[in-house]
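See below for the structure under consideration.
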């Protein structure tokens, strides 16, 4: 090689392939001016896992490894030959010590290693927050009549309203603060902090002997579920593998439904024991403590650690979540996403900047459509609707709605990574629009009068199933996916804040609107909102299935 000052030396490598040894000759450069550098001894190239001949890896194999007997090679030597597009990771072992190659050296066309870790235990711990979310929302419905008598407010509808709505006010405040706490202290530590208002709020509610203590307890519990409502989907999305992130993300909504059902079941002894309402509130202390203990041993989000510059801790978290062989791949994705950007976490005002407002408005709109589509109204009116159909038991009516919600969410979990988020949203809101139209017609169309009861029940169950298929679980999953890492926590918190604010005002004014316009007209309005949501989603929501959070962020950044 004239003019380079280097000579080419041939090295014979022994490659084990298919149980047979094959000799491969590779080239390495030696410096003519440095005669002290001797020709390297024969090296063994070891490729763990299933390896096809000529070095072609099977998809299920572990990331390629190269074990060299000699010290580090000069740049462009043997190690450089294994940095082609078909090789995703090289681990060079020099003098018995292992060192990680810079993730920047890993090509984009990398082969994904199969994970040997499991995120399921940590998703399960996070879902304790979702269970508490559903439980605290549902527990007061059955207990209100009994606690009102014990606290002497059974004749005061205003104070009863405060007992119910204080939780929503606390949740609104909690959802806005949860994002800032998650950015400052990390996801797991914020979960541990969140367990404090959840447990203290439950304790005060269970032991209250006056309405003031009850309201304080409900406020603290509301702050706790507001924080967890933003934190649970955020943490799950950041630790979940790309290929199952949709299924695991929708588990959040499933466990909220389970929490609501748990509150219903917890209220069954009330008829025989009116003082049981205190136990109902006290039960929720247990999962609050378990949440704190579980998060104390759960790994922090690698993405948050990487943003904080804690690279060694990020690698440790990745090993715990996915296994050692995934470290290179995940670290490469994180580094690629932050390439050329050393920006700090965004402030609240940044969310309203031209750069981010479009995607933030999509997140807020998703929760606004979710609430304005009438889910709370349908659940609230389900008891009276079922009574008109001859189902007199309140428990049976609530159980049927709850079961439909859980069943629909389970279907959504199985379809999330196959059909995609956007298609499920469109299908869901379309089904909700049709259900609302059916409910409206069952109350007003005289030709349907003989069948009004069964049609109303069918419309209610179909609506809840449709809601659970997409409008319920998808927004909380989609938001952490579409938000850039530097705005993710605060943007999720802002969108969840929209959820709680709209929930509060709908609960406050719904009955007044029904009394003025009639339930049929209100249901027709809900149907119109669902139809509008379909149009909005079709034009503004991006599909995220099968793409890592870093890939989504890069795609949205290049599009803006």
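Cβ coordinates are placed from backbone N, Cα and C, and glycine is handled just like the others.
Predicted automatically and left uncurated, TrEMBL annotations should be read as such.
TrEMBL tags one of the stretches 96-114, 191-209, 305-323 as transmembrane segment, and that stretch is 191-209. Check TrEMBL against the ranges 55-76, 517-538 and you find transmembrane segment recorded for 517-538. Looking at 324-343, 424-443, the range annotated in TrEMBL as transmembrane segment turns out to be 424-443.
Mean pLDDT across the domain 'Major facilitator superfamily (MFS) profile' (122-545) comes to 86 in this model.
Remote same-chain partners of the transmembrane segment (424-443), defined as residues 6 or more beyond its termini with a Cβ less than 8 Å from a stretch Cβ, comprise 369, 373-374, 378, 385, 412, 415-416, 451-452, 455-456, 458-460, 462-463, 465-467, 469-472, 474, 478, 519-521, 523-524, 526-528, 530-531, 533-534, 537-538, 541. Only sequence-distant pairs (6 or more apart) were considered; of these, at least three Cβ pairs between the transmembrane segment (215-236) and the transmembrane segment (119-137) are under 8 A, so the stretches are in contact.
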